[in-house]
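Student: Before anything else, here's the structure in question.
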Amino acid sequence: MIIAANLKTNLTRHDTASYIEEVDKCAKQSNQEVFVFPAISSLDSFSAEKVEVGTQNAYPTVNGAFTGEIGLEQLEEFGIKTILIGHSERRHILGETQEFIAKKFAYFKEQGFTIVYCVGEPKEKREAGKEAMMEYISAQYEGIDTSYEKLIIAYEPVWAIGTGLTPTLEDIEDIHTELKQKSSAPLLYGGSVKVTNAKEVLSLKNVDGILVGSAALYAEHFCTMIQYADEIEK
Ligand SMILES: O=C(CO)COP(=O)(O)O
């Protein structure tokens, strides 16, 4: 399975290096694919053997005049070949449109990156019923090559991110089953995954892994989740 940590705007460069070192130790003892997405200023030439380090964001360019962004040149310095695209915080806080996200996707696909592509509905769409919700999520697949061989999709309901709220296990399984019909890419669940619910979520049909935010900030907790995945036969 795929166990991924999105560190968001947390940890210094120094702390990130210790974090990755610690996670790499437990990842090496596991059969899981482990990804860590540090803050951009913490990207570095890590000596991790098993952990794949990715970037939380980049602009679809080699370099140029894009203040505040980084491009391919800055990623290549550290051998980064994995990117998160479409995260709800970039869609809703930073205002990225589906059109721009699709452009970013096409660019990094062209560069052969592994892409962790995030989709998920806000609370009002969830409350509007399943049809409205699925329609909203479907629009997030527009312009995205769902058969890209290095694609990983993460379903992250916006209302479940950082809130402690999660859909029921039945709901996660149900939505994952629907989303698997749109793409056979590995499908992760994200949104308030923690040590106390990770095992149940990982056991669900059509859940191929987890994308963890706040609970992954503690290497020990994240390692426990990696171990849980090892304990589950899939
Ligand atoms: O956004 C997330 C991972 O990308 C999930 O964040 P939390 O685990 O903090 O809810």
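The backbone N, Cα and C atoms fix where each Cβ goes, glycine too.
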Student: Looking at the substrate binding annotation from TrEMBL, with N6, L7, K8, S192 already listed, which candidate in G143, G162 is the matching residue?
Tutor: G162
Student: Which one of the binding-site residues (N6, S192) has its C-beta surrounded by the most other C-beta atoms within 10 angstroms?
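Tutor: Its Cβ has the most other Cβ atoms within 10 Å: N6.
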Student: Based on a Cβ-to-ligand 1 distance below 6 Å, what subset of the binding-site residues L7, K8, S192 would you report?
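Tutor: With ligand 1 as the reference and 6 Å as the Cβ limit, the list reads S192.
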Student: So if I draw a 10 Å sphere around the Cβ of G162 (substrate binding site), how many other Cβ atoms end up inside it?
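Tutor: For G162 (substrate binding site), the count of other Cβ atoms within 10 Å is 14.
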Student: So if I draw a 10 Å sphere around the Cβ of H87 (active site, electrophile), how many other Cβ atoms end up inside it?
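Tutor: 28, counting other Cβ atoms within 10 Å of H87 (active site, electrophile).
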Student: Express the distance between the Cα positions of N6 (substrate binding site) and H87 (active site, electrophile) as a whole number of Å.
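Tutor: Cα-Cα distance, N6 (substrate binding site) to H87 (active site, electrophile): 10 Å.
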